[in-house]
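> The structure's right below; bear with me while I get my questions together.
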2 protein chains.
Amino acid sequence: MSAAVLAGASSLMTEQPSNELRSNELPSRRVSQQRLVGRLMEMARIGATVSGGVDRAALSAEDAAAQALMAQWGASLGLRATRDAAGNFFLRWEAGAGAPLVSGSHLDSQPTGGRYDGVFGVIAALEAVQAMQETGLAPRRPVEIVAWMNEEGSRFAPGMMGAAVYGGARALADILPVRDQAGISVEAALASTAAALPGIATRPLGGTPYAYVEAHIEQGPELERAHCPIGIVSGIQGKHTFRVTVRGEAAHAGTSTRAERRDALLAATAMVQALARVLHDEADVTKFTVGRFDVTPSAPSVVASQVIFSVDLRHPDSQELRRLSALVAPACEAAAGPCEVEVSRLSAADSLAFPAAMRARLRAAADRLGLAHRDLLSAAGHDARYLHPICPSAMLFVPSRDGVTHNEAEFTEPADLYAGACVLADVLAELAMSTGQP
Amino acid sequence: MSAAVLAGASSLMTEQPSNELRSNELPSRRVSQQRLVGRLMEMARIGATVSGGVDRAALSAEDAAAQALMAQWGASLGLRATRDAAGNFFLRWEAGAGAPLVSGSHLDSQPTGGRYDGVFGVIAALEAVQAMQETGLAPRRPVEIVAWMNEEGSRFAPGMMGAAVYGGARALADILPVRDQAGISVEAALASTAAALPGIATRPLGGTPYAYVEAHIEQGPELERAHCPIGIVSGIQGKHTFRVTVRGEAAHAGTSTRAERRDALLAATAMVQALARVLHDEADVTKFTVGRFDVTPSAPSVVASQVIFSVDLRHPDSQELRRLSALVAPACEAAAGPCEVEVSRLSAADSLAFPAAMRARLRAAADRLGLAHRDLLSAAGHDARYLHPICPSAMLFVPSRDGVTHNEAEFTEPADLYAGACVLADVLAELAMSTGQP
């Protein structure tokens with residue numbers, strides 16, 4: 001055994017105690033359910049829909065208002081708000097030295113989204129920081145709360161845009177020209193957000209966190225069915241996304257014959273049906289979704305000249321996902337009839353597994369709090385996907401009623417939100433005080 | 001033979017000469033191709049698209065601007081502009097007495113429409129009136145140029161709204177609450193148009209014209225293929241339209257299983273394909289079109305909760321049309337899967353035949369001018385459909401290059417536009433001078 005290895009081992013041994021906080025140092029004791037839920041409900045007023053949900057598109061005025069509210073809450077705790085060139089928003093607790101411990105999620109929502117998806121992870125991180133401060137902890141490293149830009153991908157496709165740029169998986173130059181349905185580019189929307197909040201300083205893009213922990217609602221029914229408040233996320237299901245552009249020719253609905261027509265809508269609907277057939281699996285593991293289907297010119301008496309539709313394809317087995325992914329373009333081409341079709345793959349993320357050590361920390365924290373937990377795979381994509389390659393990352397889930405998310409009816413019991421924030425606070429405190437590897 | 005019948009016969013005999021203008025009274029000699037095409041091109045600047053077409057939605061600012069231009073041209077000819085409560089726009093040549101002779105079409109266009117559809121019939125009527133004035137004709141009855149509100153039906157469904165209300169087929173109260181995709185009602189859009197043009201007086205709704213003649217581009221290739229400048233429209237193909245509402249449930253694309261999903265988009269695409277199958281006819285006579293397909297919430301990673309799509313179904317045989325129409329709802333219901341579907345029939349117009357006497361007038365006028373003509377059925381619907389039940393009505397067509405319409409590439413040769421306006425002018429002059437039945 002070399003001296004270097006011995007030194008390493010010794011250093012690990014001496015650090016061990018610093019990872020374990022004394023019970024009176026555990027910030028979960030200071031986590032406030034009332035404050036946590038109160039902030040969530042206050043945030044839900046920004047972009048509130050009549051049906052009780054939230055419509056807070058990435059880089060919209062509502063998104064900026066949500067950041068302003070976070071900045072205001074952060075200021076009262078001495079946290080400094082900054083934003084990077086990709087529109088990621090940070091609240092930094094300046095402490096200790098070295099790489100920051102980062103925790104958060106996103107503030108944007110689906111067009112008819114709920115009150116918890118994304119925002120819970122951001123506000124729970126804020127709650128954790130406040131609880132750590134009230135416990136009197138002096139972190140060994142800076143702690144940053146983050147709201148990643150455009151996780152949802154409904155205004156600008158694909159999603160997880162800000163996290164992907166931060167983590168280096170995508171270049172900033174790639175996302176800036178992406179446009180929404182109104183023709184507004186990410187670049188222009190970033191400028192609007194910056195203009196709406198001139199008080200928030202710019203920070204350099206990217207970085208290498210010490211570790212990253214993200215709390216999120218489960219986007220499925222598993223925890224609720226198991227009566228289990230805490231999910232330890234083993235990994236994230238792989239996801240490939242596509243944009244399919246079908247080009248036909250506009251024609252009069254009353255005069256053009258079937259033989260003359262190049263009906264983009266008829267071809268596109270045939271493609272969607274063909275994809276459903278070719279991607280069908282008896283076991284019902286594959287997830288295939290066409291969520292957008294935009295018709296041009298979209299008039300009842302005009303044969304459609306163009307349809308652009310989205311394909312979202314997921315499978316926990318990366319190899320099977322790649323096999324299914326390769327079927328998409330041929331299936332569309334075979335159903336194109338007299339139209340032209342162009343299939344563009346927008347993203348291709350394999351399935352991933354979070355480090356065992358990070359998962360063990362979450363599990364231990366839940367055990368210490370007497371909270372039931374279970375391991376589960378995230379079928380949904382999360383920003384943590386893009387942090388995983390650059391730093392030790394982990395995710396914890398809390399239940400979502402009936403597994404309903406991306407829906408205005410989304411709901412999580414206050415007690416479960418509180419449980420999740422407690423586990424997050426204790427794990428963040430451990431990581432903030434740790435001197436060795438996460 | 002009774003005295004009354006004898007009197008009628010005698011009156012017909014004495015009127016006969018008044019129907020035949022002397023050759024130096026034929027206004028076609030004064031029709032100007034340059035003026036006609038110049039006005040068409042000036043009008044095409046209102047709502048011009050970058051691809052050379054026109055986007056002039058019903059009751060839009062562009063539609064109002066088009067009316068303003070018509071009012072300005074009319075004023076220089078002593079014509080008075082008025083608008084009725086259904087948004088139909090009139091230019092009246094006050095002359096003679098009794099029921100007015102009406103001619104026109106519409107100024108609204110499809111979102112990516114052309115420069116001729118509708119507007120040709122309005123500007124050709126103006127050209128005819130100007131030519132009649134320059135010929136020194138003193139009409140025995142008022143002559144009205146009309147632009148019917150919302151013929152296209154792409155902003156507010158269904159189309160031919162203004163003509164249907166004028167003709168009594170629909171009640172004004174039925175159309176006022178109809179909303180466009182932005183949620184704006186016909187009532188509000190009518191108010192905006194009225195506010196944009198305060199100088200245009202209101203006139204009573206409805207009326208019974210002496211006769212109605214509409215010039216229009218053919219929306220098919222028949223005249224061009226036959227090298228024939230004039231189409232004598234025998235009638236209009238029947239048309240039934242539907243709105244199909246498919247209701248499912250929003251869900252997360254990554255987590256909800258196929259078994260759990262109620263995917264409105266998957267169901268709606270299955271319905272469109274099922275309709276294409278069940279309405280398929282080998283002879284290719286049936287016209288089946290789904291031109292609109294609106295998805296909610298329309299996000300790539302959200303299972304669609306709702307799709308609303310349009311069905312436009314036409315067939316020249318009214319009985320066959322009714323048979324096919326009855327298949328629409330059952331086909332949609334059979335393909336609904338776990339979703340709910342509601343099929344609403346928005347309109348159900350049978351095929352119609354224009355009066356032989358009116359068609360004979362058009363034929364005679366074309367013969368006198370040495371213009372080749374042929375009879376054809378209008379596969380497309382036109383405002384004349386709703387004038388036909390209330391007064392003797394007729395339509396003439398001019399060719400459209402490659403049969404392309406409802407398309408920015410729409411084009412008619414200036415010589416053909418001129419030929420159509422000449423026939424229209426002579427027939428309108430005859431009808432304006434006639435003392436008996438049209």
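Easy rule for this one: first residue shown is 1, then count along the chain.
Just so it is clear, glycine is given a Cβ too, placed from its N, Cα and C backbone atoms.
TrEMBL labels come from automatic prediction, so no person has curated them.
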> Out of A:Asp117, A:Asp350, A:Asp367, which is the one TrEMBL records at the Zn(2+) 2 site of A:Glu152, A:His406?
A:Asp117
> Over all shown protein chains, what is the count of other CB atoms within 10 A of the CB belonging to A:His406 (Zn(2+) 2 binding site)?
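Its Cβ shell of radius 10 Å holds 31 other Cβ atoms.
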> Can you check which residues sit near A:Glu152 (Zn(2+) 2 binding site), meaning Cβ under 8 Å from its Cβ, same chain, 6 or more apart in sequence, and list them in order?
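Non-local contacts for A:Glu152 (Zn(2+) 2 binding site): A:Ala57, A:Ala58, A:His106, A:Asp108, A:Ser109, A:Gln110, A:Gly113, A:Gly118, A:Gly159.
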> With DSSP assignments reduced to helix, strand and coil, which class does A:His406 (Zn(2+) 2 binding site) get?
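Reduced to three states, the DSSP call for A:His406 (Zn(2+) 2 binding site) is coil.
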> Relative to the Cβ position of A:Asp117 (Zn(2+) 2 binding site), how many further Cβ atoms are located within 10 Å?
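By my count, 28.
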> Could you give the mean pLDDT over the domain 'Peptidase M20 dimerisation' (A:236-335), rounded to a whole number?
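Overall, the domain 'Peptidase M20 dimerisation' (A:236-335) comes to a mean pLDDT of 96.
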